[in-house]
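Taken from Swiss-Prot, the feature signal peptide covers 1-21. The domain 'Laminin EGF-like 1' annotation in Swiss-Prot covers 28-83 and is backed by sequence analysis. Here Swiss-Prot flags C30-C53, C68-C81, C104-C113, C116-C128, C139-C150, C141-C155, C157-C166, C169-C184, C464-C481, C496-C514, C517-C531, C593-C602 (among others) as disulfide bond. Marked as domain 'Laminin IV type A' by Swiss-Prot: 213-381. The domain 'Laminin EGF-like 7' annotation in Swiss-Prot covers 517-572. The domain 'Laminin EGF-like 8' feature in Swiss-Prot is assigned to 573-602. The region 'Domain II and I' annotation in Swiss-Prot covers 603-1191. Among the features that Swiss-Prot reports, coiled coil is placed at 612-710, 759-786, 946-996, 1139-1178, with the record citing sequence analysis.
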Amino acid sequence: MPALWLSCCLGVALLLPAAQATSRREVCDCNGKSRQCVFDQELHRQTGSGFRCLNCNDNTAGVHCERCREGFYRHRDRDRCLPCNCHSKGSLSAGCDNSGQCRCKPGVTGQRCDRCQPGFHMLTDAGCTRDQGQLDSKCDCDPAGISGPCDSGRCVCKPAVTGERCDRCRPGYYHLDRANPEGCTQCFCYGHSASCHASADFSVHKITSTFSQDVDGWKAVQRNGAPAKLHWSQRHRDVFSSARRSDPVYFVAPAKFLGNQQVSYGQSLSFDYRVDRGGRQPSAYDVILEGAGLQIRAPLMAPGKTLPCGITKTYTFRLNEHPSSHWSPQLSYFEYRRLLRNLTALLIRATYGEYSTGYIDNVTLVSARPVSGAPAPWVERCVCPAGYKGQFCQECASGYKRDSARLGPFGACVPCNCQGGGACDPDTGDCYSGDENPDIECADCPIGFYNDPHDPRSCKPCPCHNGFSCSVMPETEEVVCNNCPPGVTGARCELCADGFFGDPFGERGPVRPCQRCQCNNNVDPNASGNCDQLTGRCLKCIYNTAGVYCDQCKAGYFGDPLAPNPADKCRACNCSPMGSEPGECRGDGSCVCKPGFGGLNCDHAALTSCPACYNQVKIQMDQFTQQLQSLEALVSKAQGGGGGGTVPVQLEGRIEQAEQALQDILGEAQISEGAMRAVAVRLAKARSQENDYKTRLDDLKMTAERIRALGSQHQNRVQDTSRLISQMRLSLAGSEALLENTNIHSSEHYVGPNDFKSLAQEATRKADSHAESANAMKQLARETEDYSKQALSLARKLLSGGGGSGSWDSSVVQGLMGKLEKTKSLSQQLSLEGTQADIEADRSYQHSLRLLDSASQLQGVSDLSFQVEAKRIRQKADSLSNLVTRQTDAFTRVRNNLGNWEKETRQLLQTGKDRRQTSDQLLSRANLAKNRAQEALSMGNATFYEVENILKNLREFDLQVEDRKAEAEEAMKRLSSISQKVADASDKTQQAETALGSATADTQRAKNAAREALEISSEIELEIGSLNLEANVTADGALAMEKGTATLKSEMREMIELARKELEFDTDKDTVQLVITEAQQADARATSAGVTIQDTLNTLDGILHLIDQPGSVDEEGMMLLEQGLFQAKTQINSRLRPLMSDLEERVRRQRNHLHLLETSIDGILADVKNLENIRDNLPPGCYNTQALEQQ
């Protein structure tokens, strides 16, 4: 079978449409620059040599590789073509002359057009700019307001700048700034004023995070909002976050960067950032700003660039809507200002890919504040119109209220509508108490009721569910509910807000509370109408998703629509249109292949079996396989020693047969190779002809379309002619009736019969003329039909490819084109004839009218000859009408035939496409080996990446082992220190037991303490088994020192001092206990203070609740508020302040006690050090000491 596949592949390779160079120079004449060419029929027809060179070397191009490619040149014909290397900005094109000189733009010079001429500067896409010194000396422009150099002697201002010197802002703008691409900043003023100027009351203020002490309130989150670890580097004074997965992690800014940042508009946000490892490809979501329901984002770098690895770089972003700031989506001016007014989130991407780490430092947001200092001229001061006040016209003036409270400072201010012309609350519009008309008493309505505007003394319940308050719109007297729950809107809170669905009142079915639409994050959060507000069906799915909840992929796409990363959601099916079912792929992206195709994308021909043309090859290969198996059997017998001398003879014979068969196969292959080359040439020729036929068929199709259009025009004109003839017939009938009823008196009106006869003859002549025109039109239609049929027949012959040579094909095509041109001319002639017939018919109609007028003037004429002549004219008109009807039918048949011919032409075109598809299948088989090699390369790359990851993990493990080793060594060092301390404790314990054996009761306490120390040391020895030997040595040392009691007199005093210190320790212990007791008491007092504070806060909440109640406030309510405030102040002064003073005093005393304890501990440590020095100075050995007392 392997040999069979090899034969198949060999056959496919021999069919490739390229001709290898042969010894005949007339085949591939490529000037030594290529060894491949292909036959081109059109080139052969034009030049007589039909071979076109392929894959020209040495940067050459042309039919015979005779010239250099675009952007290359050479000094002589046989030289290599060298690159021009023309500068992309300074040259007019990529080409150059034979010397390598590029064509330069104005003001540019150099062989490569890469530098400016003297007197010019700044090379740009438009060339070099002339120096200012070369310009008009009167050109005096403000550099902050011009958009470019003053080349023409006049200043070219930025869009928001005006003035002869570009030194003034246009009306509605302020603050001329050189860094502003618009020149000046538009007045904001919340949209209430277009007049403003720079404020002198604000100074520059920078909101920064330098991370010198800690993370400064920053956090780290994943894309889905889950928290991530954020680390602070004490060494580098920055923060960083790492990720093991590809999902990105973001730095989240603290509250000081959020909130109302209006004064930062037009200023910069900058930070230092670096990334280690990872993908390092910037994305559109690197920096994200959110606020007021809007979101904008920007990449760290331009698309196509890569973030530097391990290098800290400062990134700066301008906070405005100008396209140069690279924020997307691009907001309007007021949308951007609205976002900055309520900035709710600032996120900076930290990681890029797996095992990525991002570092951030020196975050700076340029802002301003109303204090003295360096001026901030970008802050505006508005000139407010009537009804507004404040620096930014953000407040309503006295006597005005907010028209729409939900818009906040963006809402318009309108006059108060209080009875008596009184003032009102600027935000709610409620009239102040005492400002109403004193003659009318208004009822004080509770929550859930409102004043009837027609009867202010009565209260009506609000038409709101759940007892929500309401108010009356002054203009329309409409009752509107206030404070609807989240997700609910409408005048009666009866509708779900945008982004929510349900039916709060059950007006269209069962009651369903409003809930957020579940579209699986597959809609644009900034868009409106993402889902149906009643059913919740998602209407604007993005990321190629579909379904009720955007939880499915659209037809022709696959992937996970619920993936958090948009790049991992639905992707287009990458299926071969030739080998796959249209518009279908499976959930894993694999395509549904047609029969005979395979592979993930159905782009590989399925190699289940060879085509039918290889059956003979398969039979021959089966025979060779059988012979090979018999040879193997003979060899096995020969190796086994069986069969005597007969086997070698048979083996040799079979080998000779095999060699002969191989020679035959080789000869056949060589013959087949020549045949295959001829087939390849013919295939290339057939492809070229196929392209020509396809082009000509397209021309025929266009011609048929034009003929159809002309036919429609002719049909319309024939219908017009028929209509005119009908009108003529009616006119003639009327004339005949008049003639029949006319009596002519010879004495009054005598008209000779010759006059009527001449009129009748003229009418007859006109009718004959129309008949001839109709016959001519019919003949033209028949000729058009014949020519179209001939063209269709010839097209069929051409596409079938049978029955003639290339020259015959060429002649046939030329004949077909001639017929086509003749058909076009006939169509034009037909159009002219139809137009002429139309004109003639109209003339006849007008003449008939004149005849009718003449006849109407004849009163009482009774001439039988006139009646006969009129009947003859009518018959002539009837025959003309019948002829026109037949002509119309003929045109209809031609039009129908044109439709059929178009259908047949389309079928022929589809046949050509099918043949082209067969050729593409052969090419796809030839590319199979290449695809397999690419797959092997991909597998090799994957293996390399896996090995690299393993190496990285091993290195990290090595570092961890080194860290653990260092910790173990440190623990071993501490172990020796602990052992030494245990030995010292045991030594001192033995000394205390020997020296204080007959001490007084005061020293007994020290002995007990030493015993306890011995017990502690014994427990430590049990825990550390390796210290038993040292404990024994310590015991031996204690026995040796027992014999030198005389030398311990001085040490006795030290031990007494130690006992005294222990007594002090006990005293300090009591002091500590006292401190603990006092701390507990302080905690109790703090708890009591907390209760008091909570009571005070409850009182304040109650006061604020009373203040927030709608409606007017009477004097009694004001007195209750004042009493509540007085009680709260009294409670704070009488209870909280003494408690705070007492707590501060106790904290001071505790600090003093701690200081005393630290001093005592230092003294004890010094005594221990002194004892250690005494012990070290004692001489070793045994001594015969005297008893302390003589008996």
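Quick reminder: no glycine exception, Cβ is built from N, Cα and C everywhere.
Where Swiss-Prot records a feature, it is marked here on the structure.
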residue	record	Cβ within 10 Å
C30	disulfide bond	23
C53	disulfide bond	24
C68	disulfide bond	24
C81	disulfide bond	20
C104	disulfide bond	22
C116	disulfide bond	19
C157	disulfide bond	22
C184	disulfide bond	22
C514	disulfide bond	23
C593	disulfide bond	20
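Confidence annotation: the region 'Domain II and I' (603-1191) carries a mean pLDDT of 61 in the model. Same-chain residues at least 6 positions away in sequence with a Cβ under 8 Å from that of C602 (disulfide bond) are, in sequence order, C575, S576, M578, G579, S580, C591, V592, C593, K594. Residue environment of C155 (disulfide bond) contains 21 other Cβ atoms, counted within 10 Å of its Cβ in all protein chains.
Residue density at C517 (disulfide bond): 25 other Cβ atoms are found within 10 A of its Cβ, drawing on all protein chains shown. Around the Cβ of C169 (disulfide bond), the same chain contributes A160, V161, T162, H175, L176, G183, C184, each under 8 angstroms and 6 or more positions distant in sequence. A 10 Å radius around the C-alpha of C166 (disulfide bond) takes in these disulfide-bonded residues out of C81, C116, C141, C150, C514, in sequence order: C141.
C141 (disulfide bond) is surrounded by 20 other CB atoms, counting those within 10 A of its CB over all protein chains shown. Taking H, G and I as helix, E and B as strand and the rest as coil, DSSP gives the domain 'Laminin EGF-like 8' (573-602) the counts 0 helix, 11 strand, 19 coil.
In this structure, the CA atom of C30 (disulfide bond) is 13 Å away from the CA atom of C68 (disulfide bond). Look at C141 (disulfide bond): DSSP puts it in coil.
Geometry remark: C81 (disulfide bond) versus C496 (disulfide bond), CA distance 72 Å. For C496 (disulfide bond), the same-chain residues 6+ apart in sequence whose C-beta sits under 8 angstroms from its C-beta are G487, V488, T489, G502, D503, P504, C514, Q533, L534. Note on proximity: of the disulfide-bonded residues C53, C113, C150, the one nearest C481 (disulfide bond) is C150, by Cα distance.
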